[in-house]
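Visitor: OK, Swiss-Prot features for this one:
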ACT_SITE  HIS11  active site, tele-phosphohistidine intermediate
ACT_SITE  GLU84  active site, proton donor/acceptor
BINDING   ARG10, ARG60, HIS159  substrate binding site
Amino acid sequence: MRARRLVMLRHGQTDYNVGSRMQGQLDTELSELGRTQAVAAAEVLGKRQPLLIVSSDLRRAYDTAVKLGERTGLVVRVDTRLRETHLGDWQGLTHAQIDADAPGARLAWREDATWAPHGGESRVDVAARSRPLVAELVASEPEWGGADEPDRPVVLVAHGGLIAALSAALLKLPVANWPALGGMGNASWTQLSGHWAPGSDFESIRWRLDVWNASAQVSSDVL
């Protein structure tokens, strides 16, 4: 058996994170601390010698990815399927505003991966659009998990909601258990290993969770 290492890095801090405001697919920028966090994460993950870096096109993720690209000399690929969950009517609102307008709705959203805000996506929707990207990378990157340099990871730079949804889908968790994967801090990362035998197809890969919410900087920003 061989293993493909998949690292998923959340973007650095934004002012929306600080203000407990829902971003979704709004194109927000990194804060000054967020840029510092991105550099720190790049320093740690750069030592892993990533095979490639693929990022969401939203600026907070892309700018985080660029720091890792600068550290490793890799050009960052962009894929819109790595965008954060679209939060519909909630985008731009604070947690307090949502709780006042719809008491209990945020709890329902966190506890049910099939639930979506009006006009938005559920975690199941997010996994359905992002999982095919991983399948495409498996098919197109023969060096990933190969015998020569088996531990070089593919790094996806994205968003907390997407990372949780994609991880749950790859791990084939029952949908009712998806909320067990909690929040991630800014510029923190997760690693999954996809165990496979030569000649096997994507559906035969057995993904295992190696690391959840690792960080180059200890912080209390898990939202």
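A Cβ is built for glycine as well, from the same backbone N, Cα and C atoms used for every other residue.
Could you tell me the structural context for the features on the list?
Guide: In the three-state DSSP reading, HIS11 (active site, tele-phosphohistidine intermediate) counts as coil. When other Cβ atoms within 10 Å of the Cβ of HIS11 (active site, tele-phosphohistidine intermediate) are tallied across all protein chains shown, the result is 31.
Annotation for GLU84 (active site, proton donor/acceptor): spatial neighbours GLN23, GLY24, GLN25, SER56, LEU58, ALA158, HIS159, GLY160, GLY161, LEU162, criterion Cβ-Cβ under 8 Å with sequence separation of six or more.
The number of other Cβ atoms within 10 Å of the Cβ belonging to ARG10 (substrate binding site), over all protein chains shown, comes to 30.
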Visitor: According to DSSP, does ARG60 (substrate binding site) sit in a helix, a strand, or coil?
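Guide: DSSP assigns ARG60 (substrate binding site) to helix.
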Visitor: By a simple count of other Cβ atoms within 10 Å, which of ARG60, HIS159, the binding-site residues in the record, is least packed?
Guide: HIS159
Visitor: Taking the center of the Cβ atoms of ARG10, ARG60, HIS159 at the recorded substrate site, which other residues in this chain have a Cβ no more than 8 Å from that point?
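Guide: Checked against the 8 Å cutoff, the neighbours are HIS11, GLY12, SER56, LEU58, ALA61, THR64, GLU84, VAL157, ALA158, GLY160, LEU162, ASN186.
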